[in-house]
Amino acid sequence: MPAHKRILLKLSGEALMGDDAYGINRATIVRMVQEVREITQLGVEVAVVIGGGNIFRGVAGGSVGMDRATADYMGMLATVMNSLALADTMRQEGMTARVMSAIAIEQVVEPYVRPKALQYLEEGKVVIFAAGTGNPFFTTDTAAALRGAEIGAEIVLKATKVDGVYTADPKKDPSATRYTRISFDEAITKNLQVLDATAFALCRDQKLPIKVFSIFKPGALKRVVLGEDEGTLVHV
Ligand code: UDP
């Protein structure tokens, strides 16, 4: 039995790159979608927010020297590309997904309409929220917290490269240990980076728990959804 009825899964754009330096790696996106398919087969309602860092970020790389808002809109458009790739891969893997964009691009993707998103979720379709929050100066972490709260998700699942939140950087400090669970207050006191500050504050205000886990560990997403000891739970 899954531990959650409805979840918001936050995937970073970089997770789609695999070992490539840029863009979308085919084998990687297929593997990721298969992990998501496993949890939909458990009857969990799944909404996804995907980043754009594998293509463009408003604060680094090609955006240096650019007007920040313009660069951020480019970053949001990158998330639309990733969302379309994700939805199409889901279609190939026998799933039904709908992309809803926070920015109107009506020839390409339907706009975000909350009641419609809720309807799709109830119908068992995967909903992919594209274009972040639709506003510059924000991140897709914040979009995940915002949409997660809006659709009444029980938890935000933050997929990262590391399998949870550690007492120190495990790459630098071999004695670092993983927290199984930690409260919002403790994470703040210990200055642990779970989501960016805006997203973290929103989840805390809305009493929306966060689970940090590794998307590269096979079966980890399923174990998270089944409520098993995997990753780190940030609780109220
Ligand atoms: N972005 C934005 N507003 C949002 C979400 C994203 O302006 O609500 C832009 C921002 O420039 C960001 C880029 O889109 O750098 C890609 O998103 P993010 O960095 O969150 O992607 P990730 O790191 O998860 O791949």
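Any Cβ shown, glycine's included, is placed from N, Cα and C.
Features as listed in TrEMBL:
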type: BINDING; residues: Lys10, Leu11, Ser12, Gly13, Gly53, Arg57, Thr160, Tyr166, Asp169; note: ATP binding site
type: BINDING; residues: Gly52, Asp72, Thr133, Gly134, Asn135, Pro136, Phe137, Phe138, Thr139, Thr140; note: UMP binding site
type: DOMAIN; residues: 5-214; note: domain 'Aspartate/glutamate/uridylate kinase'
Candidate nearest Asp169 (ATP binding site) in space, where candidates are the binding-site residues Thr133, Asn135, Phe137, Thr139 and distance is Cα-Cα: Thr139
Suppose we screen the binding-site residues Lys10, Gly52, Thr133, Thr139 by Cβ distance to ligand 1 with a cut-off under 6 Å; which survive, in sequence order? Gly52, Thr133, Thr139
Cα-Cα separation of Thr139 (UMP binding site) and Gly53 (ATP binding site), in Å? 10
Given a 10 Å Cβ-Cβ cut-off, pick out the one of the binding-site residues Gly52, Gly53 that has the most other Cβ atoms nearby. Gly52
Please tell me which one of the binding-site residues listed here (Gly52, Thr133, Phe137) sits closest to Ser12 (ATP binding site), measuring Cα to Cα? Gly52
C-alpha of Gly52 (UMP binding site) to C-alpha of Lys10 (ATP binding site): distance in Å? 12
